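Database features, via Swiss-Prot:
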BINDING   ALA125, ALA126, ALA127, PRO128, GLY129, SER130, LYS131, GLU149, ASP176, ASP194  S-adenosyl-L-methionine binding site
ACT_SITE  CYS247  active site, nucleophile
Amino acid sequence: MAQHTVYFPDAFLTQMREAMPSTLSFDDFLAACQRPLRRSIRVNTLKISVADFLQLTAPYGWTLTPIPWCEEGFWIERDNEDALPLGSTAEHLSGLFYIQEASSMLPVAALFADGNAPQRVMDVAAAPGSKTTQIAARMNNEGAILANEFSASRVKVLHANISRCGISNVALTHFDGRVFGAAVPEMFDAILLDAPCSGEGVVRKDPDALKNWSPESNQEIAATQRELIDSAFHALRPGGTLVYSTCTLNQEENEAVCLWLKETYPDAVEFLPLGDLFPGANKALTEEGFLHVFPQIYDCEGFFVARLRKTQAIPALPAPKYKVGNFPFSPVKDREAGQIRQAAADVGLNWDENLRLWQRDKELWLFPVGIEALIGKVRFSRLGIKLAETHNKGYRWQHEAVIALATPDNVNAFELTPQEAEEWYRGRDVYPQAAPVADDVLVTFQHQPIGLAKRIGSRLKNSYPRELVRDGKLFTGNA
């Protein structure tokens, strides 16, 4: 890969020289920063096993190199990168993988290390969704995740990625992360705080990332990070795990934030060393047991990860003064829920006891049971998955429910050809040579559900959401 010119402020270089361990070469750091970042993906094991994914993609000639800290993660090299963007491949469109930077897979690996199996998890700064979807896969869509995003424009992207990956156990909120300690004290088994930061580690992806860098800005950001980690720590139950991470390299936003928390609650904070997280983790290990990943160590983005345990309760914060408002949903009664479940099963949609039916007017939703304890404490932007809308003739099943709940071995499943699948993703009706018998057709490609169609004569009426419709060149190579 070609070199590219990264902008470095002099004060930043001075700071890095001081921060870099003696075991690392500063010249190697500069050289690594000038190299473009390696592309990487994470297989979505909610949809496909790693072995099956490797078999499916073997004919493409992709070079997939395993990422040591994530069994589902791979660095990827493709000969036809310019001919077809990775995001336009059939496997990406159907949610079989997520394009995710390798080092950003580290925090979730740390969160679930040593057999940790949390049932209620919060991702404090979740967009665009790489870590939320990784957490959901580790939880196998069980339990519940509260995924929060402060930026309103990024909440839509977060939901789109969660939906594409077939995730059903997530509730979305749109708050400043500093509210949660007071709003939901001691409610979570595990919390990921991938904190907003100065982004010093992303120069391989964005050579101008440091154009507005200054030591003063770092100090302001670190002050916000201290408030965020304090809030997250209050929301964590005693015995729970907190992972703090950034994509920056200075110690003020990293080690110092974690040490501040320990100084503030000396009897409640225990640092959990990460030296055994994966083979070679000790190369990035700090004396506190954190991972301070300079880009030359593993040829990835610069990153920082710390894991800690809350060993005992701490004094509560004052209760919030805001009102959440009335919750507009009501649980569906058992008898009606049974009828809905049977109607859904008839078209290939099934769910387990981790999800419960709720209703708002003509809308039917499935909420993760583990999130119900938070109802009335926070206001949700979106909760669970929308299953259907009711109408006179029955139910209008929703696309996100099909992606999350359908299995390809259903009797209504109908496998499309590559050309027909492209037509589907372009929002067009499909005219198969031999039309299926059923009226409600579970449309699949590569034996993966990609939507639900109505059969009208020999035509499959497209229900792919308009906001997801693709144009341009897709996986068959036709524009």
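Using N, Cα and C of the backbone, Cβ positions are placed for all residues, glycine too.
Residue environment of LYS131 (S-adenosyl-L-methionine binding site) contains 25 other Cβ atoms, counted within 10 Å of its Cβ in all protein chains. A helical conformation is recorded for LYS131 (S-adenosyl-L-methionine binding site) in the three-state DSSP classification. With ALA125, ALA126, ALA127, PRO128, GLY129, SER130, LYS131, GLU149, ASP176, ASP194 listed as the residues that bind S-adenosyl-L-methionine, the site has a largest C-alpha separation of 20 Å. Ranking the binding-site residues ALA125, ALA127, GLY129, ASP176 by other CB atoms within 10 A of the CB puts ASP176 at the bottom. Annotated pair ASP176 (S-adenosyl-L-methionine binding site) and the residue listed as 'active site, nucleophile', C-alpha to C-alpha distance, rounded: 20 Å. The Cβ of CYS247 (active site, nucleophile) has 23 other Cβ atoms within 10 Å, all protein chains considered.
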